[in-house]
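Asks: Sharing a structure, written as structure tokens. Questions coming.
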Amino acid sequence: MVSFVIRDAEEKRHRNGVNALQLDPVNGRLYSAGRDAIIRVWNSTQTSSQEPYIQSMEHHNDWVNDIVLCCGGRNLISASCDTTVKVWNAHKGFCMSTLRTHRDYVQALAYAKDREQVASAGLDKAIFLWDVNTLTALTASNNTVTTSSITGSKDSIYSLAMNPSGTIIVSGSTENTLRIWDPRTCNKIAKLKGHTENVKALVVSEDGTQVVSGSSDGKIKLWSIGQQRCIQTISVHSEGVWALLMTDNFSHVISGSRDKKIVMTELRNPTNSVLICEERAPVLSLCYNIDQTGIWATTWNSDVRCWKLNKTDKLSNYSYSSNSSINSGGGGDGTPVTNSASNATPASAGKGYEVACIKGGAAIKKYHVLNDKRFMLTKDSEQNVAIYDVLKVKKVEDLGKVDYEEEIKKRSQRVHVPNWFTVDLKTGMPTIVLGQDEVDCFAAWVSAEAGLPEHAESGSDPKVNYGSLLLQALLEYWKPPPPHHHLQGGVPDMENGCDGDIRGNEYFIVPKHTPIIFSEVGGRNVCRLLVKDAAGETESALLSETVPSWVTNVVIERTIPKFIKLPFYLLAHPSMLKQDRSKKERLIANEFIQCRKVCEHVLEKVLGADLPGGGGGSSTGGGGNSNSSQNNSQSDANSEGSQVPAEERIELLCNDVNNEDYGKNIHLNT
């Protein structure tokens with residue numbers, strides 16, 4: 001499959017939920033892993049008047065589920081639904097290498113700081129251990145890496161944790177259990193049962209003797225690894241617990257939940273708990289700010305917020321339950337907040353105290369492909385409607401907060417063009433998928449006059465294939481090595497542009513910043529690059545290895561996709577009393593032929609009339625039973641109306657619907 005994303009050249013704002021956070025306390029950089037497939041880097045110490053955005057790290061093509069900073073903040077490891085683990089230069093923001101060991105979504109990472117070891121796990125039930133120093137030393141020539149694997153998990157893994165010394169690794173899964181291994185030997189230590197739903201979050205104590213778990217069952221549990229049992233159950237949430245953060249001494253847990261609430265609780269005395277804040281959406285991840293006076297939180301929404309943190313020695317003043325709410329007159333430490341006493345900004349009553357907010361962008365939630373199969377309307381999470389040109393890979397117009405359904409009705413045409421692409425909104429940006437299986441990307445043949453009116457030349461009406469034109473535009477900068485076939489005499493075969501000099505198409509170009517993704521039918525990512533990067537030597541060689549033949553046929557060999565033929569019958573309407581209504585004329589034509597061509601056929605071949613412009617008529621009409629009076633009337637019509645277009649002289653009906661109702665450029669398939 002080939003897919004591409006319609007987006008801006010630089011996307012400075014998350015366009016969907018944010019799955020994970022990492023803070024570099026040395027330089028104050030905050031890393032956020034987005035469901036829009038982009039990792040962004042922010043200055044977490046910015047003031048409200050400064051732009052927090054630093055850069056984007058782009059190489060994934062699906063949700064980034066987890067990230068870990070390692071090597072003192074020099075490198076970052078990421079895990080994604082595109083089934084890959086990637087190694088990044090965190091400071092410069094480029095991808096150093098890609099690990100393709102997993103066979104399904106990679107959901108979680110764990111990091112042993114003292115050993116510089118990272119573990120990855122996901123829906124394929126596998127856990128792989130990676131030596132970070134080995135990963136960061138990989139090059140184009142030195143690209144072989146060995147890994148240890150931990151087996152035994154019977155279900156998909158959603159959470160993973162290690163202690164800094166790397167003596168314990170814990171996984172949580174849809175088995176509703178915690179499995180514990182020694183990563184040094186890959187031997188199983190224990191299996192802990194107690195949760196009733198998926199285990200979504202884990203934290204291991206520094207000494208490796210305890211682990212805290214959060215589950216979709218809404219419970220937080222403290223486990224003793226030595227005793228292999230649960231020693232505390234905390235119930236402060238009404239829905240699943242998806243994020244956990246521990247204080248340095250492992251005495252208090254900060255939990256984020258599907259119920260949108262973030263709560264701090266003392267592990268040994270759960271009655272000492274306080275509601276830090278209530279977010280706008282279910283909480284996905286948590287991390288401390290640079291001085292640990294607040295916590296950064298992410299949710300299903302695209303904003304990243306920092307909330308004022310309570311002091312642990314004041315927790316005994318509170319007793320929070322899932323039905324409690326914040327006293328809107330007090331700060332996070334139990335004292336009143338005024339503008340002179342704190343920089344924190346009170347949010348709406350009962351919602352907590354927001355210290356900072358990194359604003360996100362809107363995610364596209366709805367789309368409708370118009371009947372012309374070129375344009376589509378979208379509606380985003382802020383209720384804004386926009387129109388996109390899929391063929392030219394760009395947004396055409398922001399329509400604002402208008403009636404979405406009315407815009408669809410207003411812009412729909414009575415025309416039929418076959419489906420030739422599918423749309424995926426998983427990342428919050430429109431991803432267009434071209435393939436050869438369920439939806440054939442070469443199915444849409446149209447006349448240039450109807451499909452590309454802005455490029456059609458007067459007097460000519462060539463037929464164009466949308467999928468072919470788009471693939472040629474997407475790979476315009478790719479110049480693969482020349483083929484090894486030659487004509488007799490040693491002269492290179494230049495036919496069909498095989499020398500690579502003929503690239504792109506004659507009608508349009510697409511934005512150079514457009515990401516193109518080549519993937520297997522099952523969705524596994526094979527190659528990702530920008531349109532402009534296809535000219536690079538490395539990228540060109542990679543494309544030569546990965547681009548499927550059905551793409552190279554139209555892009556390089558310039559093979560024309562086959563026309564789709566449509567059989568149909570012509571039958572005289574009952575109102576034509578003198579016409580032989582029992583006789584049908586069976587015809588076959590390309591499905592994209594315009595119905596005015598059928599009118600011309602009827603006028604010339606069936607009725608024997610002249611075409612506009614002096615074209616001679618046939619003396620034997622397709623009707624076959626014309627009598628002399630009919631011929632006389634046709635002769636009169638010829639002399640008086642030979643300059644009138646055929647579609648104005650012939651009325652075509654299909655299922656009793658007049659073709660005039662659809663416009664003069666209606667196609668036969670419509």
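Positions of Cβ are set from backbone N, Cα and C atoms, glycine also.
From Swiss-Prot, here are the annotated features:
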type: REPEAT; residues: 13-52; note: repeat 'WD 1'
type: REPEAT; residues: 59-98; note: repeat 'WD 2'
type: REPEAT; residues: 101-140; note: repeat 'WD 3'
type: REPEAT; residues: 152-191; note: repeat 'WD 4'
type: REPEAT; residues: 194-233; note: repeat 'WD 5'
type: REPEAT; residues: 236-275; note: repeat 'WD 6'
type: REPEAT; residues: 278-317; note: repeat 'WD 7'
type: REGION; residues: 321-348; note: region 'Disordered'
type: COMPBIAS; residues: 338-348; note: compositional bias 'Low complexity'
type: REPEAT; residues: 359-398; note: repeat 'WD 8'
type: COMPBIAS; residues: 613-625; note: compositional bias 'Gly residues'
type: REGION; residues: 613-645; note: region 'Disordered'
type: COMPBIAS; residues: 626-635; note: compositional bias 'Low complexity'
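Context for these features, please: burial, neighbours, distances.
Replies: Broken down with DSSP, the repeat 'WD 1' (13-52) shows 0 helix, 19 strand, 21 coil.
Mapped onto DSSP helix, strand and coil, the repeat 'WD 2' (59-98) counts 3 helix, 23 strand, 14 coil.
Confidence for the repeat 'WD 3' (101-140), expressed as mean pLDDT, is 95.
Long-range contacts of the repeat 'WD 7' (278-317) within the same chain: residues 13-23, 25, 28, 30, 32, 34, 36, 42, 44-45, 239, 242-245, 247, 251-252, 254, 256-262, 264-266, 272, 325-326, 331-334, 342, 344, 350-363, 381, 428, each at least 6 residues beyond the stretch ends and with a Cβ under 8 Å from a Cβ of the stretch.
Sorting each residue of the repeat 'WD 8' (359-398) by its DSSP state yields 0 helix, 22 strand, 18 coil.
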Asks: Answer with yes or no whether the repeat 'WD 5' (194-233) touches the repeat 'WD 1' (13-52) by the criterion of at least three Cβ pairs under 8 A, sequence separation 6 or more.
Replies: no
Asks: In the repeat 'WD 5' (194-233), how many residues does DSSP put in helix, strand and coil?
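Replies: Per DSSP, the residues of the repeat 'WD 5' (194-233) fall into 0 helix, 22 strand, 18 coil.
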Asks: Could you pull out which residues elsewhere in the chain have a CB under 8 Å from any CB of the repeat 'WD 8' (359-398), counting only those six or more residues past its ends?
Replies: 4, 6, 11, 13-16, 18, 36, 301-304, 404, 407-408, 411-421, 423, 425, 428-430, 432, 444, 451, 466, 469-470, 473-474, 508, 510-511, 514
Asks: Given a Cβ distance threshold of under 8 angstroms, which distant residues of the chain, six or more beyond its ends, lie next to the repeat 'WD 5' (194-233)?
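Replies: Here the qualifying positions are 158-165, 167-168, 170-174, 176-178, 180, 239-246, 250, 253, 255, 257-258, 265, 267-268, 270.
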Asks: Cβ under 8 Å to the repeat 'WD 4' (152-191), counting only same-chain residues 6 or more beyond its ends: which ones?
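Replies: Sequence-distant neighbours of the repeat 'WD 4' (152-191): 104, 107-115, 117, 119-127, 129, 197-208, 211, 213, 215, 217, 223, 225, 228.
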Asks: So what's near the repeat 'WD 3' (101-140) in sequence-distant terms, Cβ-Cβ under 8 Å and 6+ beyond its ends?
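Replies: For the repeat 'WD 3' (101-140), the far contacts come to 65-71, 74-75, 77-81, 83-85, 87, 146-151, 153-166, 169, 171, 173, 181, 183, 186, 524, 538.
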Asks: What are the DSSP helix/strand/coil residue counts across the repeat 'WD 3' (101-140)?
Replies: 5 helix, 18 strand, 17 coil
